[in-house]
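According to TrEMBL, the protein carries these features:
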type: REGION; residues: 76-110; note: region 'Disordered'
type: DOMAIN; residues: 117-344; note: domain 'Peptidase M24'
type: BINDING; residues: His183, His281; note: substrate binding site
type: BINDING; residues: Asp200, Asp211, Glu337; note: divalent metal cation 1 binding site
type: BINDING; residues: Asp211, His274, Glu306, Glu337; note: divalent metal cation 2 binding site
Amino acid sequence: MVSASAMRVVQPTILSTFVGNRLLQSAQPLHQLFSYNPGSKHVSMQLSKRFSGLTNLLFNGRNADKVLNTKRKRLRPGKISPHRPVPDHIPKPPYVKSKKPPGIASGPEVHDEKGIECMRASGRLAAQVLEFAGTLVKPGIKTDEIDQAVHQMIIDNGAYPSPLGYGGFPKSVCTSVNECICHGIPDSRALEDGDIINIDVTVYLNGYHGDTSATFFCGDVDDEGRKLVQVTKECLDKAISICAPGAELKKIGKTIQEHADKYRYGVVRQFVGHGVGRVFHADPVVLHFRNNESGRMVVNQTFTIEPMLTLGSFNPVMWDDNWTVVTEDGSLSAQFEHTILITEDGAEILTRC
């Protein structure tokens, strides 16, 4: 069990991409699911007995023979610019005013026809913003400049950038470069030739969140990095393809893990997909690895799938900013994410242009 002070550090960051203090809907409280060493900034996951043997194998033995690219410099924190304002007329999520991370709301996000149309609108805007952000990726651009452009496009469309102010997150988008698994804070670091960068966009439009991300190439990326990104995208596509009413949620993790295993890539376990809609994070918790958790998909339900794969170790280490999470060994990490709607005959991707 971690101390209360350590939990204050971990709670805003151990999420799917942004879940608060109730990461897993489980009989176990959060402090029994995670352990945290403030000195080393390591985060570990304490799973039920049926996961324990699998966890030991996967966390301790996987990809031990991988040789890292030593030419690439490890990430270092840059300078963070001041908070960007949002016009008063734009509706804001409740957590912005409260300044408290709400965690995962109980119950799935299941919508009526009006709600579905609102979800389509927020998903479409998120996809358009992400597509635009991807066009900005080039050597020399600062991640803070990407944040500025994303912020402006979102508010120009009458929406609120969901990450801004969520549990104290200081920016409007997450930019996770190279070994950063998730929650990278845009700063003064300029992208370099050969980098990969995940850009994670969520917008709050007409009372509904649309959440999506993709990993982009900056300049001339080596074959190793390109393959990791390709396979991560394939994992997401394959997982979406098995979604339908009545399908078991655990099949998502099985599908992702099986495909990643073919290439000996690690699958990050501490960060999960989640229900999304009127709230940023809701049930169900969507695990991206093999599991035996219960739960089935229902018609008109919306949730995210957002696998994070690594080239080497997938043990996460948290920076002192209490947000940025990187791979323990500095190996590359890639992620893709969509918000999907369960329909009568399958799944509709809402975050697609």
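Cβ from N, Cα, C; glycine included.
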Rank the binding-site residues His183, His281 by how many other Cβ atoms lie within 10 Å of each Cβ and give me the one with the fewest.
His183
Reduced to three DSSP states, the region 'Disordered' (76-110) has 5 helix, 5 strand, 25 coil
Are there residues at least 6 beyond the ends of the region 'Disordered' (76-110) whose Cβ is under 8 Å from a Cβ of it, and what are they?
11-12, 19-23, 25, 142-144, 147-148, 151, 155, 158-162, 164-168, 170-172, 185-189, 204, 206-207, 209, 274-285, 298-303, 319-321, 324
I'm checking region-level scores; what's the whole-number mean pLDDT for the domain 'Peptidase M24' (117-344)?
97
Return only the integer: C-alpha distance in Å from His183 (substrate binding site) to His274 (divalent metal cation 2 binding site).
16
CA pair His274 (divalent metal cation 2 binding site) / Asp211 (divalent metal cation 1 binding site), Å rounded to integer, equals 10
Ten-angstrom check, please: count other Cβ atoms within 10 Å of the Cβ of Asp200 (divalent metal cation 1 binding site), all chains counted.
25
Can you give me the Cα-Cα distance between Asp200 (divalent metal cation 1 binding site) and Glu306 (divalent metal cation 2 binding site) in Å, rounded to a whole number?
10
Cβ atoms near Asp211 (divalent metal cation 1 binding site) (within 10 Å, other residues, all chains):
31
Within 10 Å of the Cβ of His274 (divalent metal cation 2 binding site), how many other Cβ atoms can you find? Include all protein chains, please.
28
Among the binding-site residues listed as Asp211, Glu306, Glu337, the Cα nearest the Cα of His281 (substrate binding site) belongs to Asp211
